[in-house]
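Asks: From TrEMBL, here are the annotated features:
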TRANSMEM  A:7-27  transmembrane segment
DOMAIN    A:45-155  domain 'Ferric oxidoreductase'
TRANSMEM  A:47-64  transmembrane segment
TRANSMEM  A:76-94  transmembrane segment
TRANSMEM  A:114-134  transmembrane segment
TRANSMEM  A:146-163  transmembrane segment
TRANSMEM  A:169-191  transmembrane segment
């Protein structure tokens with residue numbers, strides 16, 4: 001099984017790059033519509049969000065399928081979320097605002113939806129740069145704590161999405177439903193584990209923390 | 001005793017739809033001819049030629065503005081009756097029935113009445129107004145509208161002295177407008193309002209065309225409001241009713257989210273929307289690596305309209 005999964009790695013990377021190639025293609029052939037800048041923000045933001053959601057889907061999928069060796073893919077998808085989020089911000093700074101720092105400052109200060117985007121990005125950034133095995137070893141126990149912040153990033157990204165819309169909520173509601181399912185799955189596991197451990201432990205003692213991540 | 005019955009119209013008196021349609025086309029061609037001075041023969045010889053390409057430019061058309069490509073204006077529309085995105089109205093709006101079209105003028109006026117669009121057009125001189133158009137979503141365009149002064153139309157109905165506000169109502173056509181059909185989001189029909197001095201201001205126009213031609217349906221055909229110093233949502237499309245009122249009407253977006261969309265909705269870079277900045281805008285048609293445009297107070301029409309608000313706190317009356 002592990003062998004098979006390893007073989008899938010180059011393919012996974014190639015597939016994850018396709019959205020970027022698709023965007024580049026649309027830029028080259030002027031397919032982004034009349035408001036190309038906004039289209040670009042939406043496309044890159046959407047992919048950052050999707051990869052974040054895929055990352056969060058790995059643990060439930062692993063639990064259900066009992067596949068091993070998916071942790072590596074969780075890291076890979078997380079890095080792609082980081083990658084698309086970075087492009088999202090880079091396009092905002094360099095292509096949309098063209099580094100007009102005063103205007104950027106006012107825009108960020110006055111746009112609360114951007115604050116949530118920034119929170120999400122700062123988290124994804126920290127997780128991205130500490131995703132290697134070496135930093136996992138180095139950080140020890142705090143690594144897991146740090147990487148639990150992914151849930152905050154997901155929440156902030158969701159608000160960032162909702163908060164800029166005028167009223168068309170169909171698409172963000174879809175993503176919201178997905179994240180509820182992904183987190184709901186974890187909640188169910190967590191409750192089950194708790195019940196299980198309580199049954200195992202003699203009365204009078206408190207259970208240890210055995211939640212799923 | 002007089003018993004009123006519905007009188008059957010004999011079949012011979014019912015106008016054949018085809019004839020009816022031709023008559024409308026003829027009236028339109030005549031209206032266009034009167035306005036542009038072109039002969040009916042040349043007008044008919046080339047159907048593809050924009051009918052209002054030769055109308056005179058309004059003095060309010062700022063000469064330094066670069067007009068946004070027509071394709072952008074025609075394919076990027078906020079028309080919530082049809083769709084909540086900006087891509088679909090261009091196709092969905094084509095089912096809208098706009099012929100015949102009449103406008104009811106009522107409320108605090110001496111001469112209320114319902115007017116056929118052709119009659120309104122025959123009484124007003126059309127001009128081209130090249131205006132900035134700034135959406136509340138922080139994008140903008142420069143559109144060459146063809147239209148006439150709303151104030152001139154209101155004057156023909158003779159507003160009474162207690163008429164302080166103008167309420168404009170958009171068409172209710174749920175069978176062609178999907179979001180009206182499902183009663184989605186806003187309270188339909190769409191309603192907008194202006195203070196009477198705003199409505200009478202010469203910058204405020206009713207448009208019947210853009211880019212020298214008849215207004216596309218997705219852009220508000222056959223008749224829409226254009227108030228260039230206010231956010232785009234004030235410029236209500238497909239107007240069927242204009243009422244003069246003593247009290248301010250409640251506009252659709254204001255009703256939907258009163259803390260986000262005010263009655264005035266004047267373009268103002270210093271008053272952010274509660275969730276996003278209004279300090280700058282993306283001018284459609286400007287390419288990559290073109291910085292955003294600094295938004296101007298009253299969308300650059302301060303010289304003409306700032307006096308309307310001189311004693312008002314624009315943060316409060318947003």
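Glycine residues also receive a Cβ, built from the backbone N, Cα and C atoms like all the rest.
Automatic, uncurated: that is what TrEMBL annotation is.
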Asks: Are there residues at least six beyond either end of the transmembrane segment (A:47-64) with Cβ under 8 Å to its Cβ atoms? List them, or say none.
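Replies: Beyond its ends, the transmembrane segment (A:47-64) has Cβ neighbours at 16, 19-20, 70-71, 73-74, 77-78, 80-81, 83-85, 87-88, 124, 150, 153-154, 157, 161, 175, 178-179, 182-183, 185-186, 189, 212-213.
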Asks: Do you know the DSSP helix, strand and coil residue counts for the domain 'Ferric oxidoreductase' (A:45-155)?
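Replies: The counts are 95 helix, 0 strand, 16 coil.
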Asks: Cβ pairs under 8 Å only, please: of the recorded stretches A:7-27, A:146-163, A:169-191, which one is richest in them relative to the transmembrane segment (A:114-134)?
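Replies: By the under-8 Å Cβ criterion, the transmembrane segment (A:114-134) pairs most with A:146-163.
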Asks: Averaged over the whole of the domain 'Ferric oxidoreductase' (A:45-155), what is the pLDDT?
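Replies: The predicted confidence over the domain 'Ferric oxidoreductase' (A:45-155), as a mean pLDDT, is 95.
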Asks: Residues of the same chain, at least six outside the transmembrane segment (A:7-27), with any C-beta under 8 angstroms of its C-beta?
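Replies: Distant contacts of the transmembrane segment (A:7-27): 36, 40, 43-44, 47, 51, 72-73, 76-77, 80, 84, 87.
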